[in-house]
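Visitor: Below, the features straight out of TrEMBL:
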TRANSMEM  6-26  transmembrane segment
TRANSMEM  47-68  transmembrane segment
TRANSMEM  80-99  transmembrane segment
TRANSMEM  111-133  transmembrane segment
TRANSMEM  153-175  transmembrane segment
Amino acid sequence: MLPIGLGWVEAASEWILFALLFFIGIQLRNSGLTLKQILVNKQGMTIATVIVASSLIGGIIAALILDISIYKGLAIASGFGWYSLAGILIGDAFGPVFGGTSFMIELLRELVALVIIPMLIAKRPCTAIGYAGATAMDFTLPIIQSSGGVRCVPVAIVSGFILSLLVPVLMLFFVSLAA
């Protein structure tokens, strides 16, 4: 244990994230976007729908290849990049091996997104935002905004928000079916 208390780091990082989102909101408003354009964004909704469908199809295929329950495969595939929650939920439901696997899958997804977003966003913004998954509205949002500009931010926020809402719902649903 360190002699210095580091509890303040969590609170400070949370406030820094709030400040970042606040300044991005100001930048969006100054660029002329209305709240409706930001929150009711059909492109962001479409990206989230495609990510959910393709991830679940991938979960089914992986479950068949790895000879595990299809519901386990669907539960693991429902993380959408939210590694902290996915690892805990899957670990509690299926044990530490599956929890660690889920954690690594989601963490690697985020790391790949950080590398791929700047390379893809100019020509394929929807694909780049889709790689971010649930983190498109928080952790990868600064990368999306700096690489793709302000026009990509509303799409990323809506997509990330929808996916973040669906992670616990879908994951717990498939966990309950697997039990």
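The backbone N, Cα and C atoms fix where each Cβ goes, and this holds for glycine too.
I would like each feature placed in context: is it buried or exposed, what are its neighbours, and how far apart are things?
Guide: Cβ atoms under 8 Å from those of the transmembrane segment (6-26) belong to residues 138, 141-142, 145, 153 of the same chain, restricted to positions at least 6 beyond its ends.
With a cut-off of 8 Å between Cβ atoms, the residues of this chain six or more beyond the transmembrane segment (80-99) that come close are 51-52, 55, 72, 105-107, 109-110, 113, 132-135, 163-164, 166-168, 171-172, 175, 178-179.
Same-chain neighbours of the transmembrane segment (111-133): 43-44, 46-47, 50-51, 79-82, 140, 143-144, 147-148, 152, 155-156, 159-160, 163, counting only residues six or more beyond its ends whose CB sits under 8 Å from a CB of the stretch.
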